[in-house]
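According to TrEMBL:
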BINDING   Glu96, Asp118, Leu120  Mg(2+) 1 binding site
BINDING   Asp118, Asp121, Glu285  Mg(2+) 2 binding site
BINDING   Asp121, Gly122, Ser123, Ser124, Asn213, Lys279  substrate binding site
DOMAIN    5-198  domain 'Fructose-1-6-bisphosphatase class I N-terminal'
DOMAIN    203-336  domain 'Fructose-1-6-bisphosphatase class 1 C-terminal'
Amino acid sequence: MSRMSLTRFLIEAQREGHINPQLRLLIEVVARACKRISVAVGKGALSDVLGDAVSGAGASSVNVQGEAQKKLDVLSNEILLEANAWGGHLAACASEEMEHCQPIPDAFPRGNYLLLFDPLDGSSNIDVNVSIGTIFSVLRAPDGAGEPEDAHFLQPGSAQVAAGYCVYGPSTLLVLSVGHGTHVFTLDREQGSFVLTRRDVRIPESTREFAINMSNQRHWEPPMQAYVADLLAGREGPRGKDYNMRWIASMVADVHRILTRGGIFIYPWDRREPDRPGKLRLMYEANPMAMLVEQAGGAATDGRRRILDIQPGSLHERVAVFLGSKDEVEAATRYHREHDARG
Ligand code: P6P
């Protein structure tokens, strides 16, 4: 059975008016970069890409948020920037690895899009051979905006025109939405192309599986403590069913499991960083994942608000994340809203 390629899928989406030629080319460029990243990830120890990146002075290299960078983080970031350049600078770029957005040089036709990405999410798993991934989000550049600047990126997640991730696991999968469902493409390494293997993913509305880093439990706020305690109470407790737990510590891998079989993924506020709403970044982790999950019939909140409604204040701002099976996300959010209502 001949499967539909990503290229054919995007041509169809363009014919149906879901995307325009420039956005189609941008998505193709990102997919091509993900194929190159997949090759680099797959080489592992056979190439000099494992371990921590070092700066010119030999010190450990850190990203804009002061987090240690892996060599593959830096390489993946470079591959995505180079791909956008090769593709004709279709978009100004902002990345976890970049302090400020990278404008589109005047030498090229001005791209109408803004591309945000986490080049290699979950990179702490690289050295232990656990699935990692690339997350990307596409916004429209404001009309007549002139030289792109950080402020142009500060649009709510509901303004995204495309979102996706590539998970580098036993197989390399590209999961994509352009606002008409969430679809899965598998990299056919022999053909060197992504082929459609699952159209219109639907997340089961209820679940018996939650994903959270339980070692942080003592640092959570009361409604989060109450919610998880009720999950752990199982069928004798108020939720009336036994739950299973998973935590891969790679958002892309955890979210892909939830897209595939349901579940709830949570990274909540933590009293160790009281001024920080959460660990995950709104613009290039939470927003794209929230679009993919909602397009698959799931839900995504920060425990109180729909993630896609949040108006960003800065490029690298963080947010608490509750996403996955609709009924479970609504239940977890209810614990927080009822706690707030009690004052
Ligand atoms: P922790 C990876 O560093 C990441 O940003 C997400 O991919 C993942 O879900 C989370 O952080 C893991 O965090 O605190 O459990 O290591």
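Numbers run from 1 along the shown chain.
The backbone N, Cα and C atoms fix where each Cβ goes, glycine too.
Unlike curated records, TrEMBL annotations are generated automatically.
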Listed binding-site residues adjacent to ligand 1, that is, members of Glu96, Asp118, Ser123 whose C-beta is under 6 A away:
none
Given that the record lists Asp121, Gly122, Ser123, Ser124, Asn213, Lys279 as binding substrate, what is the largest C-alpha to C-alpha distance among them, in Å?
16
Where DSSP helix means H, G or I and strand means E or B, what are the helix, strand and coil counts for the domain 'Fructose-1-6-bisphosphatase class 1 C-terminal' (203-336)?
60 helix, 22 strand, 52 coil
Long-range neighbours only, meaning 6 or more apart in sequence with Cβ under 8 Å: which ones does Lys279 (substrate binding site) have?
Tyr267, Asp270, Glu273, Arg318
Run through Ser124, Asn213, Glu285 for me and report the binding-site residues whose CA is within 10 Å of the CA of Asp118 (Mg(2+) 1 binding site), in sequence order.
Glu285
List every residue in the same chain as Glu285 (Mg(2+) 2 binding site), at least 6 positions away in sequence, whose Cβ is under 8 Å from its Cβ.
Asp118, Asp121, Ile135, Met251, Val321
Per-residue pLDDT averaged over the domain 'Fructose-1-6-bisphosphatase class 1 C-terminal' (203-336) comes to what?
97
Using a 10 Å cut-off on Cβ-Cβ distances across all protein chains shown, tell me which of the binding-site residues (Ser123, Ser124) has the largest neighbour count.
Ser123
Spatial separation of Glu96 (Mg(2+) 1 binding site) from Ser124 (substrate binding site) - C-alpha basis, Å:
15
Cβ within 8 Å of the mean position of the Cβ atoms of Asp118, Asp121, Glu285: remaining residues of the chain near Mg(2+) 2:
Glu96, Phe117, Gly122, Gly133, Thr134, Ile135, Met251, Val252, Leu280, Arg281, Tyr284
How many whole Å apart are the CA atoms of Gly122 (substrate binding site) and Glu96 (Mg(2+) 1 binding site)?
12
How long is the line from the C-alpha of Asn213 (substrate binding site) to the C-alpha of Glu96 (Mg(2+) 1 binding site), rounded to the nearest angstrom?
22
For the Mg(2+) 1 site built from Glu96, Asp118, Leu120, further residues of that chain with CB within 8 A of the site's CB center:
Asp73, Ser76, Asn77, Ser95, Glu97, Phe117, Pro119, Asp121, Ser123, Thr134, Ile135, Tyr284
Check Leu120 (Mg(2+) 1 binding site) against DSSP and tell me helix, strand or coil, would you?
strand
Relative to the Cβ position of Asp121 (Mg(2+) 2 binding site), how many further Cβ atoms are located within 10 Å?
27
